[in-house]
Amino acid sequence: MKFIFYLSVLTGTFLFADSSVQKEDPAPYLVYLKSHFNPCVGVLIKPSWVLAPAHCYLPNLEVMLGNFKSRVRDGTEQTINPIQIVRYWNYSDSAPQDDLMLIKLAKPAMLNPKVQPLPLATTNVRPGTVCLLSGLDWSQENSGRHPDLRQNLEAPVMSDKECQKTEQGKSHRNSLCVKFVKVFSRIFGEVAVATVICKDKLQGIEVGHFMGGDVGIYTNVYKYVSWIENTAKDK
């Protein structure tokens, strides 16, 4: 149910080559969707709204924001229940297309340095653009079920033609493909690479399990901006 790199299977050991991309608790727009089943990652797009993959529609969902480190509390932690979940009208559990949903929070998130909304893309991204990929992972000392770290890495966007030639991308529409060229600075067991951020705007969000090799497939958020904005109207 979540987007996972199995590092030893794909390419062995990953190392982060660009430490400048990393900082203390980056990606304050990421939220953790906690449930009794497999967890997922979403993006805060407004204080009261989260955008997430539709396959993350799970029972007993809780939205966690702010600091995720269980051993260190800093007052930014927030857990908010959803009061409304709207999946994209054309989404089907049997296909990876249109894998988007909007979650309305029971109360607006309190914004702080570790809780910030992310603007939506206003244009399509050009092939070759190097974008930021954000996700959640588990620190080496974390043996629990839930991730405790945010991580970023950089990767270039592929052209639609290149994407369609890959095994992962050939059956997708309204998709965004990225090619992973960075490597991790230390070994992780799992990495949930959930979002693509281009020029400080949300350009892509994970599509089910459709990642393999060195290519990641994401829903192209720009293609759905009208639906998102019409649905997530704060009254």
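Backbone N, Cα and C define each Cβ position, glycine as well.
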According to Swiss-Prot, the disulfide-paired cysteine of Cys131 among Cys56, Cys177, Cys198: Cys198
Selected from Cys56, Cys163: Swiss-Prot disulphide partner of Cys40: Cys56
For Cys177 (disulfide bond), the three-state class that DSSP assigns: strand
Taken over the domain 'Peptidase S1' (20-233), the model's mean pLDDT: 84
Nearest-integer angstrom distance between the alpha carbons (Cα) of Cys163 (disulfide bond) and Cys56 (disulfide bond): 24
